[in-house]
Amino acid sequence: MKELTDRIKENGRVLGEGVLKVDEFITHQVDPELMDAMGKRLAEVFAEKKITKVVTIEASGIAPAVYAAQALKVPMIFARKSKSLTMDEELLTASVYSFTKQVTSTISISRKFLSAEDNVLLVDDFLANGQAAKGLIELCQQAGANVAGIGILIEKSFQDGRQLIEDMDIPVVSLARISSLHDGKVTFIEEDA
Ligand code: 5GP
């Protein structure tokens, strides 16, 4: 998606260890117009899939997921990374290793929000090694829900996430695909969604 790749070229910053910082417009300060356009684009791509819920993980998945859910006219659920005192219902839980924070956390969603009738679109800001997506897939599987697809804003294609998800026969669509982050420079795979 040209608006996103242009914005990454303008405001993205490459940190060491293959990490891209996009806190000007996605992960800290949010550009609502761009986020709205990206949510709509993901909704368009998955329009034929009869999605009933959009599911993501806090914190930076929430913004794209809510715009995608609004465009699809379905609810959005975000998995929590720490248990809230108000979560007194039965929980679906999975362990996720965080690529950027280098810690393992237990993610959870209240069981009442997902069921075997649901056809889920997973949305996240980044796809790196696929651990966040894998944890969200596990939560959906525990509820008996079907994962119809995964919509990602920025895929780091030099990491293993896409392969991991495709091996589970789940379609992955990324709005920007990065082939390398060498020498402070972002290189894109050209056929973006
Ligand atoms: P994965 O689980 O696919 O390895 O990593 C995905 C999660 O790690 C995303 O939810 C995202 O928050 C974070 N992440 C992975 N790579 C990057 C990156 O290069 N930059 C930023 N800002 N976050 C990242």
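Even glycines carry a Cβ here, placed using N, Cα and C.
According to TrEMBL, the feature xanthine binding site maps to LEU20, THR27, LYS156. Counting only same-chain residues at least 6 apart in sequence, those with a Cβ under 8 Å from the Cβ of THR27 (xanthine binding site) are LYS21, SER60, ASP125.
Residues or ranges marked as 5-phospho-alpha-D-ribose 1-diphosphate binding site in TrEMBL: ALA128, ASN129, GLY130, GLN131, ALA132. If you draw a 10 Å sphere around the CB of GLN131 (5-phospho-alpha-D-ribose 1-diphosphate binding site), it holds 19 other CB atoms from the protein chains shown.
Confidence annotation: the domain 'Phosphoribosyltransferase' (35-157) carries a mean pLDDT of 95 in the model. Among the features that TrEMBL reports, domain 'Phosphoribosyltransferase' is placed at 35-157.
Counting only same-chain residues at least 6 apart in sequence, those with a Cβ under 8 Å from the Cβ of ASN129 (5-phospho-alpha-D-ribose 1-diphosphate binding site) are PHE99, GLN159, ASP160, GLY161, LEU164. Each residue in GLY12, VAL19, LYS21, VAL22, ASP125, PHE126, ALA128, ILE154, ILE178 lies on the same chain as LEU20, THR27, LYS156 and has a C-beta within 8 Å of the C-beta centroid of that xanthine site, without being one of the site residues. Each residue of the domain 'Phosphoribosyltransferase' (35-157) gets a DSSP state, and the totals for helix, strand and coil are 41 helix, 44 strand, 38 coil. Under 8 Å, Cβ to Cβ, and six or more positions away along its own chain, LYS156 (xanthine binding site) finds GLY18, LEU20, PHE126, LEU127, ALA128, ILE178, LEU181.
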